[in-house]
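Undergrad: Got a structure for you, questions after.
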């Protein structure tokens, strides 16, 4: 019996210690906006999904203002298969004709978005689902010189609807679909949407959940994770080829958001349980943080 009591006491003491260490971060970030791009394995694994949702609700509960931007590639492929459309990609981009765009919008806006809203609400948060069309939050333009159909870039952002929601205590959950000036829906990369929205909101942080540890000096060796770097160092890593392949657009997205006023951008492994809390509320974090000059935390 005594050993059980000792165990319970030790566990409780550990929890108190963790909360105590997190307190300075909670105090510093209270009232500030954090944009989280949610995707990858953390979206497919139900156990990881539960932990991400709980992390987001925890952040809101301690006064941080989380905004969630999501994609949903695997579920799009599932539904394309159901209707007999074979997914096609070109240079890493989903070829999106009119029929595919209908499925993309149905899945991202009607299914994935509402599932995330429901999960956040069930966990004790207050979520509201949006896409780029709502309140003209984002206006798209067709990618030039790519020949991939209705795949877009962010032309402009009007973040007032999101600002209204976060100031009222809601957690906006935004799918990466937006219309162009003629009303045509476009599929936009969720990282890009998150970065541009973070800039428009003047966010404290942009966090990209990915399927890699972060920025590695040697992509084959997780122990070479770079925990903190500035904009110039990030650009140099791209120029030297250390940042390569699919990591280039993610780092570029982070750098662009920082150049527009976001204070810090993080790339972290969403496959790690409670990755968000570990990154935001611990000294070292678990991913890579790119910062604007003069950033202390």
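Quick reminder: no glycine exception, Cβ is built from N, Cα and C everywhere.
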Undergrad: For the substrate site that Swiss-Prot gives with 72, 73, 187, which of 54, 94, 213 also belongs there?
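TA: Checking 54, 94, 213 against Swiss-Prot: the substrate site match is 94.
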Undergrad: What's the CA-CA gap between residue 73 (substrate binding site) and residue 250 (site 'Transition state stabilizer') in angstrom, rounded?
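TA: With distance taken Cα to Cα, residue 250 (site 'Transition state stabilizer') is 16 Å from residue 73 (substrate binding site).
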Undergrad: Applying the rule Cβ within 8 Å of the centroid of the Cβ atoms of 72, 73, 94, 187, what extra residues of the same chain belong around the substrate site?
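TA: Neighbours within 8 Å of the Cβ centroid, excluding 72, 73, 94, 187: 71, 76, 104, 107, 108, 176.
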Undergrad: Any idea what the Cα distance is from residue 250 (site 'Transition state stabilizer') over to residue 37 (site 'Transition state stabilizer'), rounded to a whole Å?
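TA: Cα of residue 250 (site 'Transition state stabilizer') to Cα of residue 37 (site 'Transition state stabilizer') measures 11 Å after rounding.
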Undergrad: For the recorded positions 37, 94, 250, which Cβ has the most other Cβ atoms within 10 Å, all shown protein chains included?
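TA: Most Cβ neighbours within 10 Å: 37.
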Undergrad: For the binding-site residues 72, 73, work out the Cβ neighbour count at 10 Å and name the residue with the minimum.
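TA: So among 72, 73, the binding-site residues given, the one with the fewest Cβ atoms within 10 Å is 73.
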Undergrad: What Cα-Cα separation, expressed in whole Å, is found between residue 187 (substrate binding site) and residue 37 (site 'Transition state stabilizer')?
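TA: Residue 37 (site 'Transition state stabilizer') has its Cα 15 Å from the Cα of residue 187 (substrate binding site).
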